[in-house]
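Trainee: One structure, as structure tokens, below. Some questions next.
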Amino acid sequence: MNFGLLLPDLSWLKQTEQHFRSDLLAGLTGFLLAFPQAIALATVAGLPPVYGLYASILPLIIAAIWGSSCHAIGGANTAMSMLMAAAVIPFAAPGSEVYISLVLLLTLMTGIIQLLIGMFSLGKILDFISSTVVAGLIMAVAINMFFAVLPDVIGSEISSSGPVFKRISQLPALLEGYHFASFMIALVTLGIGLIANKLAKRYAFLAALVGGTLCFGLSNQLAPQALTGVVLLESIDFQLDMFSYPDLSVIPLDESNLLSLTVSALSLALLGMAQTVVIARANAKEMGGNVDANREISGQGIANITATFCSGYAVSSSFSATATNRIAGAKSPFAAVVIGTLVLCVALFSGSLIGLIPKAVLAGGILVIAISMFKPEHFITFRHPTHEFLVFLATLISALGFGLIVGVMAGVVLSVLVYLWKTAEPTVQIEHQTGSDGQPLQIVTINGSLFFGAVESVEKVLHQIKKPSQQKSTLIIRTDQITYMDTPGMRFLVDECERQIEAGNDFYLYVIRDSIYKQLESARLLEEIGLPRIIRPYTKHPIQTAMQPHLLKTEAKPDTRRSILNVLEPALLDQVRKVMQSRTVRSGEVLVEQGSLPDGYYILKKGEASVQRYSLLDGNTHHIATLKAGDAFGEEGLLQDNSRNASIRMTQDGEVAVLGRSDFNQLLRPILAPELDFDAANERIGLGQSRWLDCRFEAEFQHDRMEEALNLPLNQIRARSHELPGNISYIVYCDTGFRSLSATFLLREQGISAFHLQGGYKK
């Protein structure tokens, strides 16, 4: 628990003198917006106007000082006011003693919830609440405001209540009691506000309130009879003694009501937190600086607890007030202190002036706010992806049909469900490579959370991996992109290891982060997987040689390049030349793309090219070799029916000849990769005509091998073939026969007599 959040962050005080003038002007500008809105929004919340003023003094100042944003301004908030009214109206009549006590109790509960969330550093829960939910709720609030103030707009004495859909059904009765003069006053106020909204959006509400009141006063002087029946606001009795508390003796606190109030307090807390943090982050992005979400939340909690005991109600940061504060040039929370102080001073002397404002004018001004909050473009903005649009729509409809409290909870639940749904399908990247030993490699990168809900999805993807043939393969799972892993996720890795081993394949787990390694170690799962199957960074591992042959240091060799065209019989050479297609290539052109399917066999006739391999193990592209005129490439993928294991990029302008796949299989494969079965091979060995050549890695060779066999790993043949005695032929073998195919081809390409052992070496 972070008790430091109970104290304000006063680091900005050092610069108060430097920014005093700009903060003072920004505070004056903010006051012009905060004062009239406080009166209007208290009415929206079903409270006397004075409660809005109290909420815009100490709570506003405390939220700014205890928060982390230099520009965020809180106080009475539109969405919080509507939500408060929706929560309390089912229990008591607006403005009554019970109603006010319920509002104070809900404000206290909201503040405590927010303070605890901040102190326990649980601000990250806001990441589960989509911005789509907030947008849907704000639109629902705008529509609710329209129907909530409609009785005052038309001057009807009949009130309406409940969700929007219920209010719509009450319209016929409402319209029967309309008052023409009140309706016209509201329309004039609305018109002034909409015009001001085009000219100076920040002051639209103030202009509507002042303009509507002046028009009413002028009309009352010219034709007082026409305005008979227009209802005015009550004058406020603003006192410096603002202490208050929720009177529990008048509140019916049975089990059902407590549950309902708790849900309402939780909804208010979540909405207030979401708005506050979103506003603070957006402002920090605009102006620079950092935002501490937990400090913002705890600051709002302290402000709401304060509001409970100073005749206020639940507050939150305001989009319009914060934007006005920033644009007006505020540099620190001192601007909020100026706003709260001015509200206090003006409220002390303007109580009687409030009584000159008609309810219809205030209602018209609130309509201006509602219209500015209603953004139909959201229907287009959130149209894609589809699941976001459905969350937006469901939040909006549930709030309109069942009330704002239900809308908040529905939005939060849907956000969490969508998050879990998306998290349960982490991105699984599969890279097919061919190791230098000729064995297929599937390198799997899991990007996201590997938890109980995602295991089935990842398992399904891995089971659908298509092997290029029935040969033995190697599966490597990278864990560096796994953001979270629980016990079922770790168990999945063990099960997959066992599944691969049972299928006769190899399995390796690439673990970069120590946290994941320790997690597996503490669960005692490393032993089940087998430590030799764990690859760690900066630690030598045999599999790295197969994946990254450029890491293997070999002795320098003499330049023994010779064109394959020099080792073919004249008749065959003539056939090959007829079907080969030559073309000019430019520097930078990619001839072969790593991971692509083999399409042909290449001979570089002019220029130079770079052999490059991208390694998923370290995320880098490595230069493996340089090809020059006469060099040939592309045989491994054709012989082993695997994807390309490297890319070939021209480094100079040149010319390349290409032999298509079918022509390669028909003309070159039988000559350059001849096969012998074991009996025929053994006969040649017995007659002294041939010698066994093991093309596996040294570790494999040392473990088990043919008697008197030589060892030359496949990835070293080009570099060390000159070391082989040239007075004898070689029968090349490996475990499966796939590596030996490529090795035989490479040896014959170098003019060395070699045969491939069909089916591989049987132990």
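Any Cβ shown, glycine's included, is placed from N, Cα and C.
Found this in TrEMBL, in case it helps:
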{"type": "DOMAIN", "residues": "443-530", "note": "domain 'STAS'"}
{"type": "DOMAIN", "residues": "564-670", "note": "domain 'Cyclic nucleotide-binding'"}
{"type": "DOMAIN", "residues": "686-763", "note": "domain 'Rhodanese'"}
{"type": "TRANSMEM", "residues": "24-45", "note": "transmembrane segment"}
{"type": "TRANSMEM", "residues": "51-68", "note": "transmembrane segment"}
{"type": "TRANSMEM", "residues": "99-121", "note": "transmembrane segment"}
{"type": "TRANSMEM", "residues": "128-150", "note": "transmembrane segment"}
{"type": "TRANSMEM", "residues": "177-196", "note": "transmembrane segment"}
{"type": "TRANSMEM", "residues": "203-223", "note": "transmembrane segment"}
{"type": "TRANSMEM", "residues": "258-280", "note": "transmembrane segment"}
{"type": "TRANSMEM", "residues": "334-354", "note": "transmembrane segment"}
{"type": "TRANSMEM", "residues": "360-377", "note": "transmembrane segment"}
{"type": "TRANSMEM", "residues": "389-421", "note": "transmembrane segment"}
Trainee: Is the transmembrane segment (258-280) packed against any residues at least 6 beyond its ends, judged by a Cβ distance under 8 Å, and which are they?
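Mentor: Long-range Cβ neighbours of the transmembrane segment (258-280): 63, 67-69, 72, 74, 77, 79-80, 83-84, 87-88, 90, 102, 105-106, 109-110, 113-114, 117, 123, 126, 129, 131, 133-134, 137, 291, 293, 296-297, 300-301, 304, 314-319, 322, 404-405, 408-409, 412.
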Trainee: May I ask you to check whether the transmembrane segment (51-68) and the transmembrane segment (334-354) make contact, with contact taken as at least three Cβ pairs under 8 Å and only pairs 6 or more apart in sequence counted?
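Mentor: Yes, these stretches are in contact.
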Trainee: For the transmembrane segment (128-150), name the stretch out of 99-121, 177-196, 389-421 with the most CB-CB pairs under 8 Å.
Mentor: 389-421
Trainee: Can you work out which residues elsewhere in the same chain, 6+ from the ends of the transmembrane segment (389-421), have a Cβ less than 8 Å from its Cβ atoms?
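Mentor: Hits for the transmembrane segment (389-421): 82-83, 86-87, 128-130, 132-133, 135-137, 139-141, 143-144, 162-165, 263-264, 266-267, 270-271, 378, 382-383, 453.
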Trainee: For the transmembrane segment (24-45), could you work out the same-chain residues 6 or more beyond its ends whose Cβ comes under 8 Å from its Cβ atoms?
Mentor: 51-53, 55-56, 60, 73, 75-78, 80-82, 84-85, 103, 145, 148-149, 202-203, 205-206, 209, 233, 313, 320-321, 324-325, 328-331, 334-339, 341-343, 346-347, 354, 357, 362, 365-366, 369
Trainee: Could you count the residues of the domain 'STAS' (443-530) that DSSP puts in helix, in strand and in coil?
Mentor: 38 helix, 22 strand, 28 coil
Trainee: Any residues 6+ beyond the ends of the transmembrane segment (99-121) with a Cβ under 8 Å from its own?
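Mentor: Answer is 1-3, 5-6, 45-47, 51, 84, 87-89, 91-93, 244-248, 250-251, 261-262, 264-266, 268-269, 272-273, 294-308, 312-314.
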Trainee: Please spell out the DSSP helix, strand and coil residue counts for the domain 'Cyclic nucleotide-binding' (564-670).
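Mentor: Final tally across the stretch: 29 helix, 43 strand, 35 coil.
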Trainee: By DSSP, what is the split of the domain 'Rhodanese' (686-763) into helix, strand and coil residues?
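Mentor: Helix, strand, coil within the domain 'Rhodanese' (686-763): 29 helix, 16 strand, 33 coil.
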